[in-house]
Amino acid sequence: MKCLQRQPKLSRAEELRRCARSQKVTQMNVKLLGLEGDADLQFLLQGGDLLKVRSTSWKKTRFFKLQEDCKTMWHESKKTFKTNQTCECCPSIPNTFSVDEISGVRMGRQSEGLRKYTEEQVEGRCFSIMFKGRRKNLDLIASSEEEARKWVNSLEKIISNLNNLTCQQKTEHWIYSCLRKADKNKDDKLSQSEVQNFFRLINLDVDDDYAEMLFKKCDKSKSGYLAGEEIEHFYDLLTHREEIDVIYGEYAKTTGFMSSENLVEFLLKEQREKATLADAHKIIEKCEPDENVKQKKLLSKDGFLMYVHHPEAWILNPVHKDVYQDMSQPLNHYFISSSHNTYLMEDQLKGPSSTEAYIRALLKGCRCVELDCWDGDDDEPVIYHGYTFTSKILFKDTIKAIKEYAFKTSDYPVILSLENHCSVKQQEVMAHHMSTILGSALITAPLGDGMPTEFPSPEELKGKFLIKGKRLNKLEATFATKAAAADDTDVTEEEESNDEEEKEEAKESSKKKKKLKLAKELSDMVIYCKSVHFHGFEDARQNLSFYEMSSFKEGKAMKLAEESANAYIRHNVEKLSRIYPAGSRTDSSNYNPVPLWNAGCQIVALNFQTTCTDMDLNLGRFVVNGKSGYILKPAYMRDIATEFDPITLTRGDWLKHKTLHVMVISAHQLPKVNKKKSSIVDPLVKVQVHGVPADVAEKETNAVDNNGFNPSWNENFQFDVYVPDLALVRFVVEDYDSTSDNEFVGQYTLPLSSLKMGYRHVPLLNKNGDLLPSAGLFVHIMVIDAE
C-alpha cells in the first residue's frame, strides 16, 4: 500500500532531532509502564521479521514492531519497494493494531489456521495473537523457537503492564498519545490549529472563541504556541473535574487536605461503608501520589481522584468479584451461564464454525456449551449447523479445545450439551474421544456409592465435565442386576428436535417421530443430564427422575414463564431446564433471558457470538461470584412449596420493596462511534432496571452536544424495585441522533444486590463485552427500604 502523503526529504539535523524526540516519547511511556531497561520491551520496540500465515499458499514475511506509544503494534511488508511501503506517518492506513485489542497470545500451533496450514515440525516456532471481538487471529511463525518464545513472553508482559495501569495512568497515556498525534509537524509545540485538532481527537468539539481563550490562558510566553509547562497547564485545565472539587471541598477540612478522620466521615456518610481509621490509612497509602502528604496521613485532591477511580471503589461490590456464594447446593439451584450453537462465530446459515468460538465462550465464564454432532469423513465426527452452509470442525479438535480452556476462568463444572445426529459407529468414536481426551475429569458414574437422589453441588464437581444427551435407560438401571440392565441396551430414543425440525413442526406433527439408535458407550456417559421430552409439569413430577431434563424452545418456555410461572419455578426446584433460541433466528439473534431466569430456568442458552442487549444482561448476571458461571438462586426459588410468582406478586420473602436513587453526574473519555475525524459524540445516558415485570423501567438523561471527553448531566432518577434479588441494573451510553436511532457507545450491567452506594465510577464495556480502557461514568447511588 502506498504512503498517502509523500514526506519531504529531511536534513540530517532534523532526522536526529526527530529521532531524539521519538526516544523521549518512548522513554516517557516506558517509565509510565514501569519497564525502564526491560529487555522484553526493547525487543518489541526494535521489532523483527515474522512469517504471517493465511493459507497453505499464503505465507509472507512481515516486519512487526511496537510503536513509541508502547501500546500499538505496527507491521509493514518487506516485499514492497521502500518508496511504496506503508509507514508510521500515515495513521489512517490499517497496518496497526492496539495491544488493548489482544485477548491472548498462544504459543505453538494452537489455532485452527496453524494446525491446518503448517506442518508439525514448525510447532515450536509458531504462535498466534488472538483478538477480542470478531477480528481474525494473527498466525505467525518465527525464525526459531527461542525467538517465538521471546515474542510471546514480551507481548504478554506488555499486555499485563498496560492492564495494570491505574485509571489515571491510562488517562495520561491516552491524552499524551492524542497530544502527540495533534502535533502535526512534530516540533514538540502546539499551535492554535493543532489544539483544535487535539480537541477533535479527544472527542470534544470546542467553540472557537472558547478554544482561543483557553489557548491564550496557557500561552504565558505569548509565543503563539504551547510548549513544555504550558502544555502541562493546558492538560491540567482540560482534565479538571469540577464535580470532584465540590465533593472533596466538603470533606477537606484540614488546611485544604482530607485528614484520615475526614476520609472516614466521607466513607461512612456518602459511601455507606463501615470504615475505620485503619481503612482510611490503607486508602491513603494506596492512592496518595505525594509522599509528603502521604506521610502526614492526608489525602490530596489528586489522591481522592485516584481513590474514586480505583477498582475497589467502583460500582461493583469488590467482595462479589470473588466467589462469595454458597457453592455446596445441588447443581439445579443455580443459574448457569450457557451458550447455544457455541461453535458458530457468526450467523447460523453460512457463518464459520470454529474451536475459537468455544474458547471465547469458556473464557467469558460459559459453563454449558453446545455440540451439534454429525457423521464426518474417515469416521471422524464433525460439528456444524446441519443442513446449512456453516463450515465444519472436527469433534476431536473441539473436545481438545474445551479441555484446554474449560477451567481458565472458572473452576466449576462444564456441561457438554450434545445434539447427536451421528451413526452408532461415529457415536462410539465420540465416546472414545471424550474418554481419552477428558480422562478422569469426565463424570462417567454418579458420585458416591448408591443411587443419588439429587444433583451434586458445583463444589463437588469442580474441574469436571458432565455430558447432557440421550440415554438408553434410566440411571437406576445401572444399580440393578446385570441381566436387568442388559434388557434395555437395544432401546432407541426419539431424537431431540433440532431447529430445522421445529420450524416444520406443524407439517410433521402427523408423522412418526424420527428414531435415533444410540451407542451404549455414549449413552453410559450421560449421568446427571439425561435429555427427555417435556409432557407437562405433572407428568415430569410423577414420572421423571431428578436427572431427567427437558430442553424448551424459547417460544414455549416464554409461554410457560408467563402463564404458569409458579409451576415452572417448582419444576426447576427439582430438575434442570434448558432454553434455546428459535430456529427462525437465522441471524443468531437472541431472546431476553430475564423472564426465564424469573421462572427458575437454569440453562438459558444464548448465542454468545452475537452482541446485543440480551447478551449484555447475561454477562451482567454472571459478572459476580468470581465469574464462576454459577449464580445461586434466591432461597424462595429453591423451595418446592414456594408461592413465588414473578407475574402476580404476592407477599412473601421475595417482596423487599426498595427505592433506587441514581444521580448521573458525568462521563469521561467516551470513544468516538464514527471514526471520521470531524465526528463528535452527543452522549446521553440510559439507566435501566431489568427483573420481574413490575420492576422493569428505563429513564434517560438529556443529550450533551459535541462532548465525548467530559460531558456532565447531574440528573436524578428514582426507581421502585419490588424483587431486588432478581433485578439487574444497566447503564447505557448512546450517541444521540435526532434523525435516526441512537448509536451504542458503551454499557455496564450488574445485579442490583451488587451495587455499591455513594459516589461510584461505572466502567464501560464495548459491544463485545470488553472493557473500554479509559471511558467511564461517574454516578451517585442510593438504595433504601421503601417500607
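Just so it is clear, glycine is given a Cβ too, placed from its N, Cα and C backbone atoms.
Quick look at what TrEMBL lists:
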- 52-79, LYS468, LYS470, SER551, ARG578: substrate binding site (BINDING)
- 487-503: compositional bias 'Acidic residues' (COMPBIAS)
- 641-766: domain 'C2' (DOMAIN)
- 486-514: region 'Disordered' (REGION)
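Here the features listed in TrEMBL are placed on the structure.
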{"residue": "LYS52", "record": "substrate binding site", "contacts (Cβ under 8 Å, 6+ apart)": "LYS59, LYS60, THR61, ARG62, LEU138, ASP139, LEU140"}
{"residue": "THR56", "record": "substrate binding site", "contacts (Cβ under 8 Å, 6+ apart)": "LYS116, TYR117"}
{"residue": "PHE64", "record": "substrate binding site", "contacts (Cβ under 8 Å, 6+ apart)": "GLY47, GLY48, ASP49, LEU50, MET73, TRP74, HIS75"}
{"residue": "THR72", "record": "substrate binding site", "contacts (Cβ under 8 Å, 6+ apart)": "LEU66, THR96, PHE97, SER98, VAL99"}
{"residue": "LYS468", "record": "substrate binding site", "contacts (Cβ under 8 Å, 6+ apart)": "CYS368, ILE415, LEU416, SER417, LEU418, VAL526, CYS529, LYS530, SER531, MET549, ARG578"}
A correct count of other C-beta atoms within 10 Å of the C-beta of GLU68 (substrate binding site) gives 22
For the binding-site residues listed here (LYS60, GLU76), which one has the lowest count of neighbouring CB atoms within 10 Å of its own CB?
LYS60
